[in-house]
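Trainee: Got a structure for you, questions after.
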Amino acid sequence: MANGAQDGQATPGPAGVEVVPVSTAGLLRIGARPGLLEYLKQIWSHRGFIVYDARARVSSGNRRDRLGSAWMILNPILNGLTFYLIFGLLLNTSRGIENFIGYLIIGVFLFQISARAITNGARSVQANKAVIQAFNFPRATLPISVNVREILASVPVLITMLILILIFPPAEDITWRWLLILPALFLQAVFNLGVGLILARMISRINDITHLLSFALRVWMYASAVFFSYERFIEHETLLTIVKLNPLFNVLDIVRDCVLYATLPSWESWAILAAWAFGMLIIGIVFFWKAEESYVRE
Amino acid sequence: MSENKQDGDGGRIRPTVVVHKVSMRYHVPSTEAHQAVPGGGVGGLARKLLGRTPLVPVDALKTLSLVAQHGESIGIVGRNGSGKSTLMRLISGQSNPTRGAVYASSIPVMLGVNAALVPELSGDHNIILGCLAMGLTRAEIDDKFESIVDLSGLEKAIHLPMRSYSSGMSSRLRFAIAASVDPEILLIDEALNTGDAQFRERSKERMNELRAKAGSVFLVSHSLGTIKEMCTRTLWLDQGDLVMDGDPALVTAAYLEYTRQLTKGNFDTAATLREEARSTLVVTEVETQGSGRRKA
């Protein structure tokens, strides 16, 4: 047949070519990417894998450290202390902020949750090459399971955060508004997952992005009003509107309003945050799914 | 086998695995200094500045088509680096081919890969995780758990993190997990097996069980005896080329003679043998009809 010219470089050509008609109907292509809906179904049917993976790794996360899981809480406390010394006492960014310690604690603790979830989600595909090559399963389950793990791991962190706020004066009253931090944290987690999915695909291709990620996160932290308030440094109206579109700022704003200032967060904050969270999730899933076939390549 | 390929289904055959014009090319860093590596100019300069070794293409597998039918046991022989393991990885989906596609009637399962799964997790956690990843339910896993631990022979070590395992131990665990399902298409890469004598005995038993149940088997082995004993068809690969495809006795005999000549240093005789073998090869060309069902 038309073949034969293909292996021209092999010394003697084969004796002949036999054409075998094969119907590929009913066969599945190995490693092929399923349709988006089918992919989502597969992820759902692997929910047992996601939850098990997440729970198994929560307990093994800090096993190499002597203080183990205590670092989950010590880390933001030490961070908060550093920021308190430098920004609160030395640079005095606390001026004009009511209950600066509470303000700072919420900023540092919640930023750390996002930073960890995004970093680990971004590395999830690269770090699990062995599992990817050993088994055939929807790869998006890896970043999802990392994010579930981070949610589980953040529970003690959040409880510590609230306890610290209650300990440090001025004392805050516990109101029904405290419950509103749950939907805010949920939206934050959805946003983290979306970003993690996007970065996981990028890093699986170009590993160098891991080096840039820590810088990007630092810039994001400084831009999110973790230890100062925008109003003090930004006078330009339009610029202020733009920086207030930052999703993490809106998480912090909502939680601070509920916990510290006993005010109802504005609907704009909720809208901006929800748009970011679900927008990123949809973009993230589609973007990650598009490259499903490429993750097994080394 | 060409005569029995055409029967049934109005001239079409019902295959379990179809390898369609597949080729595999790796790009690997090379430390070879004086070599015609493409990219002097800007690319070469950038590489030098960044301290990266140049990448050279390696053709692990040249264009290959293959049809495996239900009931066939296909042995693959060849020297190291002939593309045996690459072919197995392509069929099992552990790598995607550079060109072409592999179709199968169900997801093939590969036995005998030496890979740590999640190093920080203990062996028992890895068992559950691996089984969940293969799509088993918790109830099924609970049923199989004991037999997997038994097969792995790890005993108390099953509770230790996998990073503390020796390479033999982790490959035993990996084998035991993969062998816990009854696949229709079974891939066995013996060349990668590193277990001790006791484990080899045990794994052989399980492999025979699975082989009896499976629809198609692909077996890579350096033991020509095993190939002759277990296979109904044998492929000889050499440097990414398919050299022979046919009766196990004939193919293993030709391959054995070829390697003997090489060991003696008679490279010319060996090359002639290879050419002779290849000149009798009838290459398969797959004509695909109908679109494949898309699934992972």
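From the backbone N, Cα and C atoms, a Cβ is placed for every residue, glycine too.
Per TrEMBL, the features are:
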type	residues	note
DOMAIN	A:67-291	domain 'ABC transmembrane type-2'
TRANSMEM	A:73-94	transmembrane segment
TRANSMEM	A:100-119	transmembrane segment
TRANSMEM	A:151-170	transmembrane segment
TRANSMEM	A:176-200	transmembrane segment
TRANSMEM	A:212-230	transmembrane segment
TRANSMEM	A:270-289	transmembrane segment
Trainee: What residues elsewhere in the chain lie close to the transmembrane segment (A:176-200), defined as a C-beta under 8 angstroms and at least 6 residues from its ends?
Mentor: 110, 113-114, 117-118, 120-126, 140, 142-144, 146-147, 150-151, 154, 158, 162, 209, 213, 247-248, 251, 254-255, 257-259, 262-265, 273-274, 276-285, 287-288
Trainee: What residues elsewhere in the chain lie close to the transmembrane segment (A:151-170), defined as a C-beta under 8 angstroms and at least 6 residues from its ends?
Mentor: 54-55, 58, 61, 69, 72-73, 76-77, 99, 101-102, 105-106, 109-110, 112-113, 116-117, 178, 185, 189, 259-260
Trainee: Short question: which residues 6 or more past the ends of the transmembrane segment (A:73-94) have a Cβ under 8 Å from it?
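Mentor: Same-chain contacts beyond the flanks: 67, 100-101, 103-105, 108-109, 112, 156-157, 160-161, 164, 226-228, 232.
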